[in-house]
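See structure below.
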Amino acid sequence: MFDGATIIDSLDTLYLMELQDEFQEAKAWVEENFHLNVSGEASLFEVNIRYIGGLLSAFYLTGEEVFRIKAIKLGEKLLPAFNTPTGIPKGVVNFKSWGWAMAGSSSILAEFGSLHLEFLHLTELSGNQVFAEKVRNIRKVLRKIDKPFGLYPNFLSPVSGNWMQHHVSVGGLGDSFYEYLIKSWLMSAKTDVEAKDMYYEALEAIETHLLNVSPGGLTYIAEWRGGILDHKMGHLACFSGGMIALGAEDAKEEKRARYRELAAQITKTCHESYARSDTKLGPEAFWFNSGREAVATQLSESYYILRPEVVESYMYLWRQTHDPIYREWGWEVVTVSPGEILSNRSRFLRDPRRVQ
(Lines of atoms letter the chains of each structure in order from A and count residues from 1; the text may use other names and numbers.)
(Lines give C-alpha, C1' and ligand atoms only; values in the text may rest on other atoms or scores of the structure.)
Protein backbone atom coordinates (compact mmCIF):
# COMPACT_ATOMS: atom_id res chain seq x y z
CA MET A 1 0.00 0.00 0.00
CA PHE A 2 1.62 3.27 1.09
CA ASP A 3 5.36 3.56 1.53
CA GLY A 4 7.11 5.79 4.02
CA ALA A 5 5.28 5.14 7.28
CA THR A 6 8.47 5.64 9.27
CA ILE A 7 9.33 8.82 7.38
CA ILE A 8 5.95 10.42 8.04
CA ASP A 9 5.67 9.13 11.60
CA SER A 10 9.11 10.65 12.32
CA LEU A 11 8.50 14.14 10.90
CA ASP A 12 7.66 15.73 14.24
CA THR A 13 10.58 14.04 16.00
CA LEU A 14 13.04 15.24 13.36
CA TYR A 15 11.69 18.79 13.67
CA LEU A 16 11.69 18.87 17.47
CA MET A 17 15.22 17.49 17.61
CA GLU A 18 16.33 20.19 15.17
CA LEU A 19 17.56 17.66 12.64
CA GLN A 20 16.80 20.10 9.87
CA ASP A 21 18.64 18.36 7.03
CA GLU A 22 16.83 15.11 7.74
CA PHE A 23 13.52 16.95 8.18
CA GLN A 24 13.88 18.71 4.82
CA GLU A 25 14.72 15.41 3.16
CA ALA A 26 11.61 13.83 4.68
CA LYS A 27 9.45 16.80 3.67
CA ALA A 28 10.73 16.51 0.09
CA TRP A 29 9.81 12.83 0.09
CA VAL A 30 6.27 13.68 1.19
CA GLU A 31 5.96 16.31 -1.55
CA GLU A 32 7.40 14.21 -4.34
CA ASN A 33 6.77 10.58 -3.49
CA PHE A 34 3.81 10.26 -1.12
CA HIS A 35 1.04 9.58 -3.61
CA LEU A 36 -2.51 8.65 -2.65
CA ASN A 37 -3.46 6.97 -5.94
CA VAL A 38 -2.33 3.55 -4.75
CA SER A 39 -3.87 0.10 -4.59
CA GLY A 40 -3.78 -2.60 -1.97
CA GLU A 41 -5.02 -3.04 1.58
CA ALA A 42 -4.04 -1.26 4.77
CA SER A 43 -5.11 -0.96 8.37
CA LEU A 44 -7.45 1.95 9.07
CA PHE A 45 -5.87 2.30 12.50
CA GLU A 46 -2.27 2.37 11.25
CA VAL A 47 -3.03 4.79 8.41
CA ASN A 48 -4.71 7.11 10.89
CA ILE A 49 -2.19 7.15 13.73
CA ARG A 50 0.99 7.00 11.63
CA TYR A 51 0.20 8.79 8.38
CA ILE A 52 -2.58 11.22 9.31
CA GLY A 53 -1.22 11.74 12.82
CA GLY A 54 2.28 12.29 11.48
CA LEU A 55 1.12 14.75 8.83
CA LEU A 56 -1.03 16.71 11.30
CA SER A 57 1.82 16.98 13.79
CA ALA A 58 4.17 18.19 11.08
CA PHE A 59 1.65 20.80 9.95
CA TYR A 60 1.06 22.19 13.43
CA LEU A 61 4.80 22.42 14.08
CA THR A 62 5.72 24.04 10.77
CA GLY A 63 2.63 25.50 9.14
CA GLU A 64 3.69 23.86 5.86
CA GLU A 65 0.61 23.48 3.67
CA VAL A 66 1.76 20.25 2.06
CA PHE A 67 1.22 18.39 5.32
CA ARG A 68 -2.29 19.78 5.87
CA ILE A 69 -3.40 19.05 2.31
CA LYS A 70 -2.07 15.50 2.29
CA ALA A 71 -3.66 14.76 5.68
CA ILE A 72 -7.08 15.94 4.54
CA LYS A 73 -6.94 14.05 1.24
CA LEU A 74 -5.90 10.88 3.01
CA GLY A 75 -8.69 11.35 5.56
CA GLU A 76 -11.21 11.60 2.73
CA LYS A 77 -10.02 8.25 1.40
CA LEU A 78 -10.80 6.67 4.77
CA LEU A 79 -14.42 7.84 4.95
CA PRO A 80 -15.95 4.80 3.15
CA ALA A 81 -14.79 2.75 6.15
CA PHE A 82 -17.75 4.09 8.07
CA ASN A 83 -20.36 2.85 5.57
CA THR A 84 -21.66 0.14 7.90
CA PRO A 85 -25.10 -0.23 9.48
CA THR A 86 -23.82 1.17 12.78
CA GLY A 87 -21.20 3.59 11.52
CA ILE A 88 -18.53 1.59 13.37
CA PRO A 89 -15.80 1.27 10.75
CA LYS A 90 -14.26 -1.89 9.40
CA GLY A 91 -10.60 -2.32 10.19
CA VAL A 92 -9.00 -2.90 6.77
CA VAL A 93 -9.25 -0.66 3.73
CA ASN A 94 -8.86 -1.65 0.10
CA PHE A 95 -7.63 1.46 -1.67
CA LYS A 96 -7.93 -0.04 -5.12
CA SER A 97 -11.71 -0.05 -4.98
CA TRP A 98 -12.23 2.33 -2.08
CA GLY A 99 -13.96 -0.61 -0.45
CA TRP A 100 -13.41 -2.47 2.75
CA ALA A 101 -11.90 -5.90 3.12
CA MET A 102 -13.59 -8.36 5.42
CA ALA A 103 -11.03 -8.70 8.21
CA GLY A 104 -13.32 -10.90 10.25
CA SER A 105 -16.77 -9.99 11.51
CA SER A 106 -15.62 -7.73 14.32
CA SER A 107 -14.12 -4.29 14.67
CA ILE A 108 -11.50 -3.80 17.37
CA LEU A 109 -12.01 -1.32 20.22
CA ALA A 110 -8.46 0.07 20.14
CA GLU A 111 -8.73 0.65 16.39
CA PHE A 112 -12.10 2.34 15.97
CA GLY A 113 -11.61 4.00 19.36
CA SER A 114 -8.36 5.66 18.25
CA LEU A 115 -9.62 7.96 15.51
CA HIS A 116 -11.12 10.79 17.52
CA LEU A 117 -8.15 13.11 17.97
CA GLU A 118 -7.05 13.09 14.35
CA PHE A 119 -10.54 13.28 12.85
CA LEU A 120 -11.50 16.33 14.92
CA HIS A 121 -8.40 18.07 13.64
CA LEU A 122 -9.25 17.10 10.07
CA THR A 123 -12.58 18.86 10.52
CA GLU A 124 -10.87 21.89 12.05
CA LEU A 125 -8.36 22.16 9.22
CA SER A 126 -10.73 21.39 6.35
CA GLY A 127 -14.01 22.89 7.51
CA ASN A 128 -15.66 19.59 6.57
CA GLN A 129 -17.83 18.41 9.46
CA VAL A 130 -18.03 14.85 8.19
CA PHE A 131 -14.83 13.79 9.96
CA ALA A 132 -16.08 14.92 13.36
CA GLU A 133 -19.53 13.44 12.71
CA LYS A 134 -18.06 10.01 12.03
CA VAL A 135 -16.13 9.78 15.28
CA ARG A 136 -18.88 11.35 17.37
CA ASN A 137 -21.19 8.61 16.13
CA ILE A 138 -18.71 6.01 17.43
CA ARG A 139 -19.05 7.60 20.87
CA LYS A 140 -22.84 7.53 20.53
CA VAL A 141 -22.83 3.80 19.80
CA LEU A 142 -20.49 3.08 22.72
CA ARG A 143 -22.52 5.18 25.15
CA LYS A 144 -25.73 3.39 24.20
CA ILE A 145 -24.57 -0.22 24.26
CA ASP A 146 -24.71 -2.25 27.47
CA LYS A 147 -21.28 -2.87 28.97
CA PRO A 148 -20.61 -5.86 31.24
CA PHE A 149 -19.86 -4.43 34.69
CA GLY A 150 -19.02 -1.13 32.99
CA LEU A 151 -16.17 -2.76 31.04
CA TYR A 152 -15.55 -2.34 27.30
CA PRO A 153 -14.94 -5.65 25.49
CA ASN A 154 -12.43 -5.59 22.66
CA PHE A 155 -14.60 -6.80 19.76
CA LEU A 156 -17.74 -5.13 18.39
CA SER A 157 -19.83 -6.05 15.37
CA PRO A 158 -20.04 -3.10 12.96
CA VAL A 159 -23.24 -4.64 11.60
CA SER A 160 -25.29 -5.32 14.74
CA GLY A 161 -23.56 -3.02 17.21
CA ASN A 162 -23.24 -5.90 19.69
CA TRP A 163 -20.15 -7.11 21.50
CA MET A 164 -18.77 -10.20 19.81
CA GLN A 165 -16.62 -11.52 22.65
CA HIS A 166 -16.38 -10.61 26.30
CA HIS A 167 -12.61 -10.21 26.31
CA VAL A 168 -11.44 -7.03 28.05
CA SER A 169 -7.85 -5.83 27.99
CA VAL A 170 -6.11 -2.56 28.75
CA GLY A 171 -3.26 -3.95 26.63
CA GLY A 172 -3.47 -5.02 23.00
CA LEU A 173 -6.91 -4.65 21.34
CA GLY A 174 -8.16 -2.17 23.95
CA ASP A 175 -5.29 0.11 24.98
CA SER A 176 -5.45 3.33 22.97
CA PHE A 177 -9.25 3.61 23.25
CA TYR A 178 -8.79 4.64 26.88
CA GLU A 179 -5.81 6.85 26.07
CA TYR A 180 -7.79 8.75 23.44
CA LEU A 181 -10.60 9.46 25.91
CA ILE A 182 -8.43 11.29 28.45
CA LYS A 183 -6.46 13.00 25.69
CA SER A 184 -9.68 14.12 23.99
CA TRP A 185 -10.68 15.78 27.26
CA LEU A 186 -7.32 17.54 27.51
CA MET A 187 -7.09 18.44 23.79
CA SER A 188 -10.50 20.12 23.97
CA ALA A 189 -9.21 22.51 26.68
CA LYS A 190 -11.28 20.41 29.08
CA THR A 191 -14.60 21.00 27.35
CA ASP A 192 -15.23 17.46 26.04
CA VAL A 193 -17.15 16.34 29.10
CA GLU A 194 -18.39 13.22 27.34
CA ALA A 195 -14.81 11.98 26.92
CA LYS A 196 -14.01 12.83 30.53
CA ASP A 197 -17.04 10.94 31.86
CA MET A 198 -16.36 7.90 29.67
CA TYR A 199 -12.73 7.79 30.77
CA TYR A 200 -13.33 7.96 34.52
CA GLU A 201 -16.27 5.55 34.34
CA ALA A 202 -14.10 3.06 32.46
CA LEU A 203 -11.21 3.55 34.90
CA GLU A 204 -13.47 2.85 37.88
CA ALA A 205 -14.67 -0.38 36.23
CA ILE A 206 -11.07 -1.39 35.52
CA GLU A 207 -10.09 -0.67 39.11
CA THR A 208 -13.02 -2.68 40.45
CA HIS A 209 -12.82 -5.73 38.19
CA LEU A 210 -9.31 -5.99 36.68
CA LEU A 211 -6.91 -4.49 39.19
CA ASN A 212 -4.95 -6.96 41.31
CA VAL A 213 -2.02 -7.01 43.71
CA SER A 214 0.25 -10.05 43.58
CA PRO A 215 1.41 -11.92 46.71
CA GLY A 216 4.74 -10.16 46.22
CA GLY A 217 3.07 -6.74 46.29
CA LEU A 218 3.05 -5.89 42.57
CA THR A 219 0.01 -4.04 41.23
CA TYR A 220 -1.18 -5.13 37.78
CA ILE A 221 -4.18 -4.93 35.47
CA ALA A 222 -5.38 -8.40 34.52
CA GLU A 223 -7.32 -9.37 31.40
CA TRP A 224 -10.96 -10.44 31.63
CA ARG A 225 -12.57 -13.23 29.61
CA GLY A 226 -16.26 -13.61 30.31
CA GLY A 227 -15.81 -13.10 34.02
CA ILE A 228 -12.58 -15.11 34.40
CA LEU A 229 -9.29 -13.28 34.90
CA ASP A 230 -6.06 -13.99 33.09
CA HIS A 231 -3.41 -12.85 35.54
CA LYS A 232 -1.12 -11.30 32.95
CA MET A 233 -0.16 -7.91 31.57
CA GLY A 234 1.04 -7.24 28.07
CA HIS A 235 3.84 -4.79 27.43
CA LEU A 236 1.23 -2.71 25.59
CA ALA A 237 -0.73 -2.34 28.85
CA CYS A 238 2.24 -0.62 30.48
CA PHE A 239 1.21 2.70 28.94
CA SER A 240 -1.53 2.76 31.58
CA GLY A 241 0.76 4.01 34.33
CA GLY A 242 1.41 7.17 32.37
CA MET A 243 -2.22 7.49 31.32
CA ILE A 244 -3.51 7.24 34.88
CA ALA A 245 -0.94 9.78 36.03
CA LEU A 246 -2.00 12.12 33.23
CA GLY A 247 -5.65 11.88 34.22
CA ALA A 248 -5.20 12.07 37.99
CA GLU A 249 -5.41 15.86 38.16
CA ASP A 250 -8.97 16.01 36.82
CA ALA A 251 -10.37 13.06 38.77
CA LYS A 252 -12.73 13.57 41.67
CA GLU A 253 -10.82 15.21 44.48
CA GLU A 254 -11.04 12.15 46.70
CA LYS A 255 -9.56 9.96 43.93
CA ARG A 256 -6.59 12.09 42.85
CA ALA A 257 -4.04 10.84 45.35
CA ARG A 258 -5.23 7.28 44.78
CA TYR A 259 -4.73 7.54 41.01
CA ARG A 260 -1.27 9.08 41.40
CA GLU A 261 -0.26 6.20 43.64
CA LEU A 262 -1.86 3.66 41.31
CA ALA A 263 0.06 5.11 38.35
CA ALA A 264 3.32 4.79 40.28
CA GLN A 265 2.58 1.21 41.35
CA ILE A 266 1.68 0.02 37.85
CA THR A 267 4.80 1.68 36.45
CA LYS A 268 6.89 -0.03 39.13
CA THR A 269 5.41 -3.39 38.11
CA CYS A 270 6.28 -2.76 34.48
CA HIS A 271 9.81 -1.85 35.54
CA GLU A 272 10.02 -5.17 37.36
CA SER A 273 9.18 -6.99 34.12
CA TYR A 274 12.39 -5.49 32.76
CA ALA A 275 14.48 -5.93 35.89
CA ARG A 276 13.56 -9.62 36.21
CA SER A 277 14.48 -10.56 32.63
CA ASP A 278 17.94 -11.78 31.72
CA THR A 279 18.46 -9.03 29.14
CA LYS A 280 16.89 -6.27 31.29
CA LEU A 281 14.42 -5.63 28.48
CA GLY A 282 10.79 -6.42 29.16
CA PRO A 283 8.90 -9.29 27.50
CA GLU A 284 5.85 -8.96 25.27
CA ALA A 285 3.69 -10.26 28.13
CA PHE A 286 4.30 -11.23 31.74
CA TRP A 287 2.32 -13.29 34.20
CA PHE A 288 1.48 -13.59 37.87
CA ASN A 289 0.94 -17.26 38.61
CA SER A 290 2.51 -20.38 40.12
CA GLY A 291 4.68 -18.28 42.38
CA ARG A 292 6.23 -16.36 39.45
CA GLU A 293 5.59 -12.67 39.12
CA ALA A 294 6.20 -10.13 36.33
CA VAL A 295 8.00 -12.66 34.12
CA ALA A 296 7.20 -14.29 30.79
CA THR A 297 6.22 -17.91 31.21
CA GLN A 298 5.74 -18.81 27.55
CA LEU A 299 8.31 -18.82 24.78
CA SER A 300 5.83 -17.10 22.47
CA GLU A 301 5.82 -14.05 24.78
CA SER A 302 9.54 -13.88 25.50
CA TYR A 303 10.64 -11.23 23.05
CA TYR A 304 11.09 -7.46 22.88
CA ILE A 305 10.19 -5.51 19.74
CA LEU A 306 11.14 -1.94 20.65
CA ARG A 307 7.84 -1.18 22.31
CA PRO A 308 7.82 2.27 24.00
CA GLU A 309 5.04 1.91 26.58
CA VAL A 310 7.16 1.34 29.67
CA VAL A 311 9.51 4.24 28.92
CA GLU A 312 6.49 6.39 28.07
CA SER A 313 5.14 5.84 31.56
CA TYR A 314 8.55 6.69 33.02
CA MET A 315 8.38 9.99 31.15
CA TYR A 316 4.91 10.87 32.41
CA LEU A 317 5.77 9.96 35.99
CA TRP A 318 9.01 11.94 35.82
CA ARG A 319 7.22 15.03 34.55
CA GLN A 320 4.59 14.78 37.26
CA THR A 321 6.77 13.91 40.22
CA HIS A 322 10.38 14.77 39.25
CA ASP A 323 11.40 11.67 41.14
CA PRO A 324 14.86 10.83 39.71
CA ILE A 325 14.10 7.10 39.80
CA TYR A 326 12.16 7.41 36.54
CA ARG A 327 15.14 8.93 34.77
CA GLU A 328 17.34 6.17 36.16
CA TRP A 329 14.94 3.49 34.92
CA GLY A 330 14.81 5.11 31.49
CA TRP A 331 18.58 5.22 31.33
CA GLU A 332 18.73 1.53 32.18
CA VAL A 333 16.72 0.77 29.04
CA VAL A 334 18.93 2.73 26.63
CA THR A 335 22.18 1.42 28.10
CA VAL A 336 21.41 -2.30 27.83
CA SER A 337 24.56 -3.94 26.47
CA PRO A 338 24.23 -5.64 23.06
CA GLY A 339 26.86 -8.09 24.28
CA GLU A 340 24.66 -8.99 27.23
CA ILE A 341 21.72 -9.62 24.90
CA LEU A 342 23.79 -11.87 22.65
CA SER A 343 25.20 -13.71 25.65
CA ASN A 344 21.74 -14.44 26.98
CA ARG A 345 20.53 -15.47 23.53
CA SER A 346 23.33 -18.04 23.40
CA ARG A 347 22.40 -19.35 26.82
CA PHE A 348 18.75 -19.63 25.75
CA LEU A 349 19.65 -21.53 22.59
CA ARG A 350 21.60 -23.99 24.69
CA ASP A 351 18.68 -24.37 27.10
CA PRO A 352 15.33 -23.49 25.46
CA ARG A 353 13.53 -24.02 28.76
CA ARG A 354 14.75 -20.52 29.66
CA VAL A 355 11.92 -18.34 28.44
CA GLN A 356 12.60 -14.99 30.08
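Note that the numbers count up from 1, one per residue, in the order the chain is shown.
For all residues, glycine too, the Cβ spot is worked out from N, Cα and C.
TrEMBL annotations:
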type: ACT_SITE; residues: GLU46; note: active site, proton donor
type: ACT_SITE; residues: ASP175; note: active site
type: DISULFID; residues: CYS238-CYS270; note: disulfide bond
type: ACT_SITE; residues: GLU284; note: active site, proton donor
type: ACT_SITE; residues: GLU309; note: active site
Response to the item:
All chains considered, the count of other Cβ atoms within 10 Å of the Cβ of CYS270 (disulfide bond) is 29
Worksheet, complete the sentence: recorded positions GLU46, CYS238, CYS270 vs GLU309 (active site), shortest C-alpha separation belongs to CYS238
Fill in: Inter-residue C-alpha distance, GLU46 (active site, proton donor) and GLU284 (active site, proton donor) (nearest angstrom)
20
Worksheet entry | Least Cβ-crowded entry, counting other Cβ within 10 Å, from the active-site residues listed as ASP175, GLU309 | GLU309
Fill in: Separation of alpha carbons, CYS238 (disulfide bond) and ASP175 (active site) (Å)
9
Practice prompt. Tally every other Cβ atom lying within 10 Å of the Cβ atom of GLU46 (active site, proton donor).
Written response: 16
